[in-house]
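Below you'll find the structure, written out as structure tokens, and then a few comments.
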Amino acid sequence: MLFLAPGYIFPNVATPVTVAIDFAQAVKQGAYNVLDLKASPIPNPELFQPPSRIIRGPLNYLLSLPGKDIRGKLIDALNEWFRVPEDKLNIIKEIVVILHTASLLIDDIQDSSELRRGNPVAHRIFGVAQTINSANYAYFLAQAKLADLNDSRAFDIFTKGLLKLHRGQGMELYWRDNLICPTEEEYVEMVSCKTGGLFYLAVQLMQLNSEVTVNFSNFINLLGIIFQIRDDYMNLQSGTMTKTKGFSEDLTEGKFGYPIIHSIHAAPNDSQLIQILKLKTKDEVIKQYAVRYIESTGSFVYCREKLDMYLEEANETFRGLEMLLGPSKGIRAILDFLRTR
């Protein structure tokens with residue numbers, strides 16, 4: 001039987017068999033004492049570095065696909081106020097983009113998605129197991145970068161942020177898998193965790209490196225809610241979304257998006273929409289019917305009205321922040337972008 005020492009890293013070689021042979025030869029030749037746990041497990045450890053290129057494959061693939069980068073733009077815009085030094089800002093941006101990309105890798109598996117940004121999802125290319133591993137690796141890769149911020153509080157912020165993100169994701173999956181339509185209030189709470197949580201994690205890391213101590217939680221929470229409701233609306237109404245993710249993908253996923261939630265509650269005695277979600281269908285005829293049904297319950301109109309309401313609240317909060325901190329063209333541009341549909 002072959003024993004591997006604690007801390008042994010599989011080398012960048014073709015097969016596990018090669019690993020076993022090389023390691024066994026090292027032991028046989030006396031280059032490694034199996035009883036000495038402090039010894040190097042191989043005679044030339046520099047030849048056996050972690051195969052990070054392979055491990056990062058799904059992550060790097062998704063990073064290479066162009067996206068909206070709304071989080072990076074938000075960080076740059078907020079920095080008009082925070083004035084975080086460039087080196088620290090770049091670290092924070094890298095942490096956030098890695099976390100966001102890792103969450104997308106997992107989301108696409110959990111949702112059985114086929115397209116991401118108009119291209120095949122990572123797990124269709126690399127496989128489910130390798131993609132999950134790459135996403136998990138990315139979470140810890142982001143965590144390791146916290147050390148470069150030189151502030152012990154960053155780890156607590158990071159941990160709480162990821163716990164919040166996974167709580168939100170867990171509730172959304174629970175509703176979907178058990179065909180439980182949440183209330184509007186439950187949806188907003190979920191979004192505050194899932195979408196707003198990563199936004200706020202970025203803000204908190206920035207404030208560790210800034211003299212600005214103003215509480216941004218309400219404003220960032222509003223941005224997260226607006227972003228997610230808009231995304232749910234666009235999923236069912238936007239031609240652009242059809243090209244990048246597929247036609248009305250939320251229906252195929254069985255997801256309780258904002259317009260769908262309103263439509264179900266608007267006609268509580270009609271189970272048609274619930275039954276369509278249960279099918280998780282790819283049939284465009286059925287999905288087109290579902291979109292017409294959602295339209296018939298006034299849910300798209302309601303969605304636009306709620307977006308306008310949240311946007312007005314966000315703009316009012318933004319004006320208050322400008323009075324305290326000065327103007328921000330970047331934040332104004334983001335709010336204008338979120339108004340477009």
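Placed from the backbone N, Cα and C atoms, the Cβ positions cover glycine too.
What Swiss-Prot lists as isopentenyl diphosphate binding site is Lys68, Arg71, His100, Arg117. For Asp107, Asp111, the entry in Swiss-Prot reads Mg(2+) 2 binding site, with the evidence type similarity to another entry. For Asp107, Asp111, the entry in Swiss-Prot reads Mg(2+) 1 binding site. Annotation comment: Swiss-Prot describes Arg116, Lys194, Thr195, Gln228, Asn235, Lys245, Lys255 as dimethylallyl diphosphate binding site. Annotation comment: Swiss-Prot describes Asp231 as Mg(2+) 3 binding site, evidence class similarity to another entry. The site 'Important for determining product chain length' annotation in Swiss-Prot covers Tyr139, and the record cites similarity to another entry as its basis.
Structure with Swiss-Prot features highlighted.
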residue	record	CB count, 10 Å
Lys68	isopentenyl diphosphate binding site	11
Arg71	isopentenyl diphosphate binding site	19
Asp107	Mg(2+) 2 binding site	18
Asp111	Mg(2+) 2 binding site	20
Arg116	dimethylallyl diphosphate binding site	22
Arg117	isopentenyl diphosphate binding site	15
Lys194	dimethylallyl diphosphate binding site	22
Thr195	dimethylallyl diphosphate binding site	21
Gln228	dimethylallyl diphosphate binding site	21
Asn235	dimethylallyl diphosphate binding site	23
Integer Å distance between the CA atoms belonging to His100 (isopentenyl diphosphate binding site) and Asp107 (Mg(2+) 2 binding site): 10
Other residues, Cβ within 8 Å of Lys68, Arg71, His100, Arg117 Cβ centroid (isopentenyl diphosphate site): Gly67, Asp69, Ile70, Gly72, Val97, Thr101, Leu104
Isopentenyl diphosphate binding residues Lys68, Arg71, His100, Arg117: largest Cα-Cα distance, in Å and rounded to whole number: 16
Cβ neighbours of His100 (isopentenyl diphosphate binding site) where a neighbour is any other Cβ within 10 Å: 21
Packing count at Lys255 (dimethylallyl diphosphate binding site) (other Cβ atoms within 10 Å of its Cβ): 19
Among Lys68, His100, Arg117, Tyr139, which are recorded as recorded positions, the nearest neighbour of Thr195 (dimethylallyl diphosphate binding site) by Cα: His100
Spatial separation of Tyr139 (site 'Important for determining product chain length') from Arg116 (dimethylallyl diphosphate binding site) - C-alpha basis, Å: 20
DSSP state at Arg116 (dimethylallyl diphosphate binding site), helix/strand/coil: strand
